[in-house]
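Residues or ranges marked as Zn(2+) 1 binding site by Swiss-Prot: 51, 73, 167. The feature Zn(2+) 2 binding site is assigned by Swiss-Prot to 104, 107, 110, 118, with similarity to another entry given as support.
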């Protein structure tokens with residue numbers, strides 16, 4: 001089966017855009033999806049967000065790419081078929097799929113609704129599925145997914161602006177909840193104002209926190225405070241501004257994926273403050289231990305969220321009208337979008353209009 005052409009592996013014909021090599025250039029690909037199983041939902045993909053992880057993966061920057069690679073793990077659509085044992089979805093329902101499509105369902109993490117930390121977690125693309133075949137993501141016309149790994153999208157949510165919540169949204173929501181930074185009146189710092197950072201500001205404000213954005217870019221102050229609603233803004237390269245913010249934060253969500261010093265940020269925390277890393281720098285960061293000891297501070301990491309938590313996040317976002325700030329693009333613009341993403345030239349997430357612009361050839 002490994003030698004079969006992608007379009008012949010499974011019975012359902014599918015079409016998407018794939019990278020063939022480390023250039024990361026995406027182009028049309030005919031492939032196939034499995035038949036709808038007893039516990040599967042099949043859905044037509046309407047929108048798919050473009051995540052920075054997609055860019056890393058298609059260029060094999062993490063060394064784990066398998067080609068052809070169809071990326072995309074911020075996927076929303078409408079159900080077209082359900083298996084005979086599916087209980088939670090019906091044809092016509094709006095659904096979303098995030099970063100994973102499988103897990104062992106029996107380990108301690110899975111039993112605690114933390115499928116995202118299962119050692120056998122199956123990623124939405126670039127992973128080996130239970131049947132030994134390669135998983136393909138949402139830059140495609142249809143998806144087939146086990147119902148456990150789909151979330152329901154409430155009717156009042158705009159599907160295009162909801163897609164990025166399935167990765168960026170839950171990536172910041174999960175640590176805010178787990179580390180109890182979701183309590184009204186706390187003071188939260190958000191490092192970096194990009195796809196993840198702007199979502200952290202929105203969720204933080206919805207939780208009732210005071211939010212300070214910390215950025216290297218002074219020109220983002222107006223955006224952070226006046227448009228996104230942050231309470232204050234600190235330029236991390238300005239020693240006086242950093243000094244005035246020392247010891248003021250209950251928690252920090254660090255969304256930056258570039259190498260950067262941790263020491264100045266740890267200094268912003270109050271005693272027993274918590275700093276959670278959600279960005280993925282490509283080089284190791286230097287960890288100064290003494291500041292952790294001095295204030296009994298916590299430095300932790302967090303990666304996406306479990307399925308129960310992802311549904312909770314979507315429902316919370318629906319209730320508080322939280323959505324991603326997006327630029328909708330056609331499928332044939334995706335390579336240009338990747339180039340712009342590499343330069344940080346997007347506010348704040350590209351979303352592909354799959355349903356209206358993916359043309360089978």
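Just so you know, glycine gets a Cβ as well, placed from its N, Cα and C.
A map of Swiss-Prot features onto the structure.
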residue : record                : DSSP class
51      : Zn(2+) 1 binding site : coil
73      : Zn(2+) 1 binding site : coil
104     : Zn(2+) 2 binding site : coil
110     : Zn(2+) 2 binding site : helix
118     : Zn(2+) 2 binding site : coil
167     : Zn(2+) 1 binding site : coil
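The most densely surrounded of the binding-site residues 104, 118, 167, judged by C-beta neighbours within 10 angstroms, is 167. Most other Cβ atoms within 10 A: among the binding-site residues 51, 107, 110, that distinction falls to 51. Counting every protein chain shown, 26 other Cβ atoms lie within 10 Å of the Cβ of residue 73 (Zn(2+) 1 binding site). Cα-Cα distance from residue 104 (Zn(2+) 2 binding site) to residue 73 (Zn(2+) 1 binding site): 20 Å (rounded to the nearest whole number). Distance from the CA of residue 73 (Zn(2+) 1 binding site) to the CA of residue 118 (Zn(2+) 2 binding site) is 18 Å. Each residue in 49, 53, 54, 72, 74, 98, 99, 124, 164, 166, 168 lies on the same chain as 51, 73, 167 and has a C-beta within 8 Å of the C-beta centroid of that Zn(2+) 1 site, without being one of the site residues. In sequence order, 103, 105, 106, 108, 109, 111, 115, 119, 120, 121 are the residues of the same chain, not among 104, 107, 110, 118, whose CB sits within 8 A of the CB centroid for the Zn(2+) 2 site. The separation of residue 110 (Zn(2+) 2 binding site) from residue 73 (Zn(2+) 1 binding site), Cα to Cα, is 20 Å.
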